[in-house]
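Below is one structure, written out as structure tokens, with a few remarks after it.
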Amino acid sequence: MEVESLATEMETAVRVVHLASSLCVKVQEKLRLPSSTNGGGDVKSKDDDSPVTVADWGVQAIVSWVLAEVFGSHNLSIIAEEDTESLTKSESVILLGAVSNAVNEALSEAHKYGLPKPDKPLGSDDILKAIGRCNSTGGPKGRHWVLDPVDGTLGFVRGDQYAVALALIEDGKVLLGVLGCPNYPVKKEGLSNGCNQTESGSVSKGCVMYAKRGSGQAWMQPLHPGGYPESARLLTASTVDDPVLATVCEPVERANSNHLFTAGLANSMGVRKQTMRVYSMVKYAAIACGDAEVFMKFAQSSYKEKIWDHAAGVVIVEEAGGVVTDAGGRKLDFSKGVYLEGLDRGIIACSNQVLHDKIIGAVYASWESSSL
């Protein structure tokens, strides 16, 4: 498929991620209030004990509804993280109400982002239908939208980094990716130190990054509180190719990343800077815009990577000039369904090919002495 033919898909994806990010900002501000003020119950736990919030369901509903309005619901395939099981339980009436309120408040401003808006507020059934529509399992054939409504929900709940991630895959290839990063800091030091905030405590910066496969370009737009921005700037990954000078990122959570191996690997390469532990696909964003050079993730053998945690970030990094592979140097395979099957040990994203080759070499040299 020609890159030019994705104009409507790209524009819709970028605009809906702006809208979804605005919902997230409002919900996160509410979560920062005392529980007696925000009504409580806005955060639930899933079966794996990871949190899910009003924003997760709200974003999924908005993106699903908008995509269906623009492209039609017939044969619309959306792969997304959340389902409606928790929301349909009798004890979740208040929670579903909170999701409905957040969704309708956001959609009432859809026209400011150049998107369709409903003629009347969506009812609970409409919202559950939109969330439930995102039940595709992907695969090697066809076109699939891939959504992580709030990537890094733990960071979101803690007032830290998170991302809204939307990608389009066709026949196993990622065609475009969009990352909404409402708390992306003005200074990269803020990445490992929570949000970059103004003196009043409000988030001082946020952005949406996006790229089309094969364009050789990745772009960043600022997040505007009340509408779609007119400006965008080109992103260029760092040219630093000496590991000693590189800034390295890794996940915060120990449950799905081997911090000890990453630390040993960084030490063996002489990396001087302290590794930054960052929530969500913001790690990919940091590489794409030149604030970091390396993202390494070596999960435990029992952990399976999901495509919605990587698809959007991978294409943005690659179009900005970076390289993303597994630890064996092979491209990530998005054609196997919900999971990234066949990964060799882990995932390595670098800002340029020279640095990537050095990291891959260091992985092979370190692997035999590791406990993995």
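Note: Cβ is positioned from N, Cα and C throughout, glycine not excepted.
Unlike curated entries, TrEMBL annotations are predicted automatically.
Neighbour count (other Cβ atoms within 10 Å of the Cβ, all protein chains): 31 for Asp148 (Mg(2+) binding site). Under the heading Mg(2+) binding site, TrEMBL lists Glu81, Asp148, Asp151, Asp309.
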Looking only at Glu81, Asp151, Asp309, which of these binding-site residues has the biggest number of Cβ atoms within 10 Å around its Cβ?
Asp151
